[in-house]
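According to TrEMBL, the feature compositional bias 'Pro residues' maps to 1-10, 44-53. The region 'Disordered' annotation in TrEMBL covers 1-67, 182-236. The annotation domain 'ALOG' is assigned in TrEMBL to 63-190. Positions annotated as compositional bias 'Basic residues' by TrEMBL: 185-195. What TrEMBL records for 198-214 is compositional bias 'Gly residues'.
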Amino acid sequence: MPTLYHPPHPSSSLFLKTPNALPIMEAPPPSSSSHPHIITYTQTPPPPPPQPPSGSASASPSRYESQKRRDWNTFGQFLKNQRPPVALAQCTCHHVLDFLRYLDQFGKTKVHQPGCMFYGQPEPPAPCTCPLRQAWGSLDALIGRLRAAYEEHGGSPQTNPFAASAIRVHLREVRECQAKARGIPYKKKKKKKPAFPRGGGGSSSASGSGGGGFGHDDHAPSSSSSSSPTMMIRFS
């Protein structure tokens, strides 16, 4: 049986002594893995999402603050639309009065004119052609928010155009005009005095007020107020 030829192993001494032998390539260092030629990748977990800041900073602004910011932006846009535009430092009470009259076109309160047949009626039985106006309560609250916003934006309280006496006079005239036109008088709500204990000196004062169970006469119903409803509003 003929002998088979087996080529020498590259690491044998015979292969190294051969002139035409190829250079020996060093093998990579042994790996602890069973598959040394397989590269494994380690996936790094993604960072956690940022947490919102805790405390009052994360809380959304209140309804009052949001409305105050919208009112301030509306007033600033009104000044820019003037011809020529008016800077905030040059704003006076006359610009504020023009702004209040400008807002009347967006009002939703029916204010009867003196010649209207429903003048002075709180609940007219039929519609009329009298214009819609901004209610006095809405204007009063608006001026309060703008007065605070003016000082928050660096304005001086001494030069605050929203706190001028002309603004207070205008609001009082609007209140009286709407009260007469709508037949709804506005009365200042008085603070209630603490009730006297039973059996004490309060029995004589209660009996002196008419024996109706009211602390004083301003809270007792009168014949004039029974004919028309009364809106009690606290003045700021």
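Here the Cβ of each residue, glycine as well, is placed from N, Cα and C on the backbone.
Predicted automatically and left uncurated, TrEMBL annotations should be read as such.
Worth saying up front: this structure is predicted, and the values here are computed from it rather than measured.
Over the domain 'ALOG' (63-190), the average per-residue pLDDT in this prediction is 91. Summarised by DSSP class, the composition of the domain 'ALOG' (63-190) is 76 helix, 7 strand, 45 coil.
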